[in-house]
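Structure record follows, encoded as C-alpha cells.
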Amino acid sequence: MKFLAVLLAAGMLAFLGAVICIIASVPLAASPARALPGGTDNASAASAAGGSGPQRSLSALHSAGGSAGPSVLPGEPAASVFPPPPVPLLSRFLCTPLAAACPSGAEQGDAAGERAELLLLQSTAEQLRQTALQQEARIRADRDTIRELTGKLGRCESGLPRGLQDAGPRRDTMADGAWDSPALLLELEDAVRALRDRIERIEQELPARGNLSSAPAPAMPTALHSKMDELECQLLAKVLALEKERAALSHGSHQQRQEVEKELNALQGRVAELEHGSSAYSPPDAFKVSIPIRNNYMYARVRKALPELYAFTACMCVRSRSGGSGQGTPFSYSVPGQANEIVLLEAGLEPMELLINDKVAQLPLSLKDSNWHHICISWTTRDGLWSAYQDGELRGSGENLAAWHPIKPHGILILGQEQDTLGGRFDATQAFVGDIAQFNLWDHALTPAQVLGMANCTGPLMGNVLPWEDKLVEAFGGAKKAAFDVCKGRAKA
C-alpha cells in the first residue's frame, strides 16, 4: 500500500506540473496581440488611404463614425474651426492583423522578449521538475521514518502492561487515510507526527509506571531483552550439552557393540572347540570344502566377522568341476545395504570378474582344466589398485576399482555362492562346483615373493584377518568338509 501511495503522489505531482506549464504557456500565445505599440491611436490605424483591403474597410468604418460630428462649411478657413471632440472609435478595440512581411523594429524587440519569456518558462518548468523529485525523495524518507517509528512503537508497547495497551484500532495512522487522496503528503506528515507523539508518550509512561510499582520494573524493554538473551544462552548451552551427551552415547554404544561382537566371536570359537573337542584335522588347516553339484543351497559360511578394511589380499586353492560352462562364485562377501561388497565371479562364457562395491574389473585367470590352482587377489582403496595372481605368477593388474571406498565391516562371507541379499537369496546359475581349500585373508597387499612362496609350498602363511581353520568354517546344504593336504594334492595332480 505504501508503494501504491508513492506512485499516486508522483502521478499527481506530474499532473500539477503539466497544468502549471499549460497555464504558463498562455501569455506566449497571446503575445502577438501585444506586438502592437501601446501608444498607437486611431489616427495611425486609419492614416493611409491606399492600404490593404482590411485597412480600407476600417477607414470606411472610421468615416462613417465621423460623419455624426459637425462639418466645416465650404469657404470657411480650416483654422477658424474648433476641432470636434474626440469620439471613441471601435477600431481601437479590434484585433487588426498585421501583414506577415512587414518588418519593423517593434517586432524584433517583441521577438527578444518572447525568447526571454520562453527561457523564463523553461527555467520555471525545470524548477517544478526538481521540486517534484524533491517531493518524491521526501515521500521515500517519510515512508522509511514511518516504518522505523512503527517498529519502535511496537517494541515500546510490548514493554507496557496489558492495561496500557490500546485494545481498539489505532487512529491517526496511515490506515485511516485514503491512499489516492491529493493531500497524501500532509497525511504522511501527520502520521509521522502522530507516531512520534505516541512513542514519546509511551516512553514517558514506562518509567512512571515502573516508579509507581514497589517491585523491580520488569516491563522495561532492556530488562525484557536481557532476560530473553539470558534464557536463549541457557537453552543453547543445554542443547550443546545434549548434543555432546548424545555423541558420547553413540560413540560408547559403537565401542560397546564392537566389544560384544568380539566376545560373541570368542564364545562361538570356544563353543566350537567344546563341541568338536580338538580339531578333526591335523594341522587345523588340512581340510577342504566340496560342493559336488550346481545348486542354490550348498555352501560354506565363515563364522568370523570381518573388520573395516582399506586393503586386503585373498588367497585360496580351487579346483573347478564345472567344465566349460563358467566357474561360478568361489566366494562372496556382503554387508548391510550392499550385497556385492566383494565378489569373485565367473558367469557363463564371461571372463572371471572381481566386484568391489558393485564396481567391476575383469581378471585374466583361467580355472577350466579341472586342476588345482592357487589364486590370489590383492586390492587397496588408494587409487583402487588391484593385482591378480595364478599359481604364483602375476597375471594382471589395474586401478580405479572402487577407489577410496573402504570395505565395510560386520558382513557375511560365503564360499561357493553369490549373495543377492545379506547371507542368502542364492542363484544356482552362479554357484561354484568343485573344491575349495586354504582360503586366507590379510588386511594388506602381499608381495609377489610371498604369493609365490605360498603357491609352491615353500613359505606358507596364515591370514591375519581370517585364517583357514576348521573351527571357523561351517558347511551347509550338503556341502562337505574333508581332510586334505593342499601341497600333496597339488603334487599328485
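Yeah, the Cβs are placed from backbone N, Cα and C, and that goes for glycine too.
Taken from Swiss-Prot as is:
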TRANSMEM  3-23  transmembrane segment
REGION    37-72  region 'Disordered'
CARBOHYD  N42  N-linked glycosylation site
CARBOHYD  N211  N-linked glycosylation site
BINDING   N340, E418, Q419, D420  Ca(2+) 1 binding site
BINDING   E418, D420, Q430  Ca(2+) 2 binding site
CARBOHYD  N456  N-linked glycosylation site
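Recorded features from Swiss-Prot, shown on the structure.
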residue	record	DSSP (3 states)
N340	Ca(2+) 1 binding site	strand
E418	Ca(2+) 1 binding site	coil
Q430	Ca(2+) 2 binding site	helix
N456	N-linked glycosylation site	coil
Among the recorded positions N340, Q419, Q430, N456, whose Cβ has the fewest other Cβ atoms within 10 Å? N456
How many other Cβ atoms are found within 10 Å of the Cβ atom of D420 (Ca(2+) 1 binding site), counting all protein chains shown? 14
Integer Cα-Cα distance in angstrom, D420 (Ca(2+) 1 binding site) to N456 (N-linked glycosylation site): 35
Sequence-ordered list of residues in the chain of E418 (Ca(2+) 1 binding site) that lie 6 or more positions away and have a Cβ within less than 8 Å of its Cβ, or none, is G328, T329, S332, V343, L345, F426, D427, Q430, A431
Give the sequence-ordered set of same-chain residues, not counting E418, D420, Q430, with Cβ within 8 Å of the centre of the Cβ atoms defining the Ca(2+) 2 site. T329, S332, V343, L345, Q417, Q419, R425, F426, D427
Rounding to whole Å, the Cα atoms of Q419 (Ca(2+) 1 binding site) and N456 (N-linked glycosylation site) are apart by 32
